[in-house]
Amino acid sequence: MKVSAALLCLLLTAAILTTQVPAQPDALSALFTCCFTFNNKKIPLQRLESYRITSSHCPRKAVIFSTKLAKAICADPKEKWVQDYVKHLDQRTQTPKT
């Protein structure tokens, strides 16, 4: 009886672990989204919601802008317009809303 209870416990633990493992690679890939090409066109500033910088694990440093329609757009951080947009978005998030 004790052996069958221990076996059942072991099987349940294994089942729980195997259902959780496939979700981990997706979570990791979301953390390490890399850009391999850049958007060459200037994006209208009013369409942008936020930005983030790519991980240091990526081959190219990039800014990823998120639009209000939930699209991700890669941009070259060396471009002047990208730097201006980053400053503007930083100021927008620091300004308290009344």
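Every residue, even glycine, has its Cβ placed from backbone N, Cα and C.
Small disclaimer: the values here were computed from a predicted structure and weren't measured.
As given in Swiss-Prot:
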- 1-23: signal peptide (SIGNAL)
- Gln24: pyrrolidone carboxylic acid (MOD_RES)
- Cys34-Cys58: disulfide bond (DISULFID)
- Cys35-Cys74: disulfide bond (DISULFID)
Are there residues of the same chain, six or more positions away from Cys34 (disulfide bond), whose CB falls under 8 angstroms from its CB, and which are they?
Thr54, Ser55, His57, Cys58, Pro59, Arg60, Ala62
Might you list, by sequence position, any residue in that chain lying six or more from Cys74 (disulfide bond) with a Cβ less than 8 Å away from its Cβ?
Cys35, Phe36, Thr37, Phe38, Asn39, Ala62, Val63, Ile64
Rank the disulfide-bonded residues Cys35, Cys58 by the number of other Cβ atoms within 10 Å of each Cβ, and give the residue at the low end.
Cys58
